[in-house]
Amino acid sequence: MTATLQQRKSANVWEQFCEWITSTNNRLYIGWFGVLMIPTLLAATTCFIIAFIAAPPVDIDGIREPVAGSLIYGNNIISGAVVPSSNAIGLHFYPIWEAASLDEWLYNGGPYQLVIFHFLTGVFCYLGREWELSYRLGMRPWICLAFSAPVAAATAVFLIYPIGQGSFSDGMPLGISGTFNFMIVFQAEHNILMHPFHMLGVAGVFGGSLFSAMHGSLVTSSLVRETTENESQNYGYKFGQEEETYNIVAAHGYFGRLIFQYASFNNSRQLHFFLAAWPVIGIWFTALGVSTMAFNLNGFNFNQSIIDSQGRVINTWADIINRANLGMEVMHERNAHNFPLDLAAGEVAPVALTAPAING
């Protein structure tokens, strides 16, 4: 008697699905993180496009003064945005089913929460997917570590800052001029330009751009000649070739003489680690700075630091910045505040306790 064992079809289908999901032979790697990444990013993108084009005005400050952000309501690509959810909602989770009607959900800025939560979930999964693909291919895991810098920055402005300030209405609007408005108000309320972590972020971004340009120009200037004058130098490289396509010794010698010897890397691995680490660490610091300023641990305050022998203030650039901050602060959300915080926080002015006698 012969016995045959046959696997259940459902288990076989599941195994095939798992194999397909984790296969590195697919044109685009999916992975288990991709199973969550794809629908969340599609949802965020779809809602963003629809809201940017057609969303009705949103009562962002919670004072019944809706702000229009969509193209249909008169904006252009520069001025348009998905407006953050209402200050009346605060930090409450506000999905569609929490609103009494779709009109109410739109009026209170529900699409903003839908977009940022799906977007953040999607980019977290994209980071995980980078690690997953590196793992499958036997690569080192530093690609996802580099991507963690922009992920941290997005998390800071869309999630940590609203949590610290107590309302998603303080999150960054999803648009060009909305981003600039966020930056201006952030400076007015937190003096971010005087925060050391923001300074490190500026050094990271500008320094990274400089180093990238320096590296690219040095490599391009020291290519090994493989072509004639009549054809593109790009034809001198064949994908997968074993030989170096540029002369690192020549590049090292040039740059070492241009600056000084030890300003130039003589190790290609150290060089490329430096090119990756510099901007990543800078952006990490900026994200950390925004996350601390979310809880009002603000930039340095050097206002009225210098006074003369008579006690009069000698203005410095810090005082000029402070004056600009006050101007920006009193102008933003101008109908939501009776007394802007900085102006209302001064010392109490003495007043007369009794009315003066009036003769006559």
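Keep in mind that glycine also has a Cβ here, set from the backbone N, Cα and C atoms.
What Swiss-Prot records for His118 is chlorophyll a ChlzD1 binding site, and it gives sequence analysis as the kind of evidence. If you look up Swiss-Prot, you'll see Tyr126 marked as pheophytin a binding site. Residues or ranges marked as [CaMn4O5] cluster binding site by Swiss-Prot: Asp170, Glu189, His332, Glu333, Asp342, Ala344. Among the features that Swiss-Prot reports, chlorophyll a PD1 binding site is placed at His198. For His215, Ser264, Phe265, the entry in Swiss-Prot reads quinone binding site, with the evidence type sequence analysis. Feature annotation from Swiss-Prot assigns Fe cation binding site to His215, His272; the stated evidence is sequence analysis. Here Swiss-Prot flags Tyr161 as site 'Tyrosine radical intermediate', drawing on sequence analysis. Residues annotated as site 'Stabilizes free radical intermediate' in Swiss-Prot, with sequence analysis given as evidence: His190. Annotation source Swiss-Prot lists transmembrane segment at 29-46, 118-133, 142-156, 197-218, 274-288, citing sequence analysis.
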Open item on the list: If I take the alpha carbons of His332 ([CaMn4O5] cluster binding site) and Tyr161 (site 'Tyrosine radical intermediate'), what is the distance between them in whole Å?
Closed with: 18
Open item on the list: Please report the distance from the Cα of Glu189 ([CaMn4O5] cluster binding site) to the Cα of Tyr126 (pheophytin a binding site), rounded to the nearest angstrom.
Closed with: 33
Open item on the list: Which one is it: of the recorded positions Tyr161, Phe265, which Cβ has the fewest other Cβ atoms within 10 Å in this structure?
Closed with: Phe265
Task: Integer Cα-Cα distance in angstrom, Phe265 (quinone binding site) to His198 (chlorophyll a PD1 binding site) - done: 28
TODO: Pick out which of the binding-site residues His118, His198, His215, His332 has the most other Cβ atoms within 10 Å of its own Cβ.
DONE: His198
Open item on the list: If you count, for each of the recorded positions His190, His272, the other Cβ atoms lying within 10 Å of its Cβ, which residue has the minimum?
Closed with: His272
Task: Listed binding-site residues among His215, Ser264, Glu333 whose Cα sits within 10 Å of Tyr161 (site 'Tyrosine radical intermediate') - done: none
TODO: List, in sequence order, those recorded positions among His190, His198, Glu333 whose Cα sits within 10 Å of the Cα of Ser264 (quinone binding site).
DONE: none
Task: Folded-back contacts onto the transmembrane segment (274-288), same chain, C-beta under 8 angstroms, at least six residues removed - done: 142, 145-146, 148-150, 152-153, 155-156, 197-198, 200-205, 207-208, 211-212, 215, 265
Open item on the list: Around the quinone site formed by His215, Ser264, Phe265, which additional residues qualify by having Cβ within 8 Å of the site's Cβ center?
Closed with: Met214, Leu218, Ala251, His252, Phe255, Leu271
Task: Recorded quinone binding residues, His215, Ser264, Phe265 - maximal Cα separation rounded to whole Å - done: 11
TODO: Using a 10 angstroms cut-off on Cβ to Cβ distances, just flag whichever of Asp170, Glu189, Glu333 is the loneliest among these binding-site residues.
DONE: Glu333
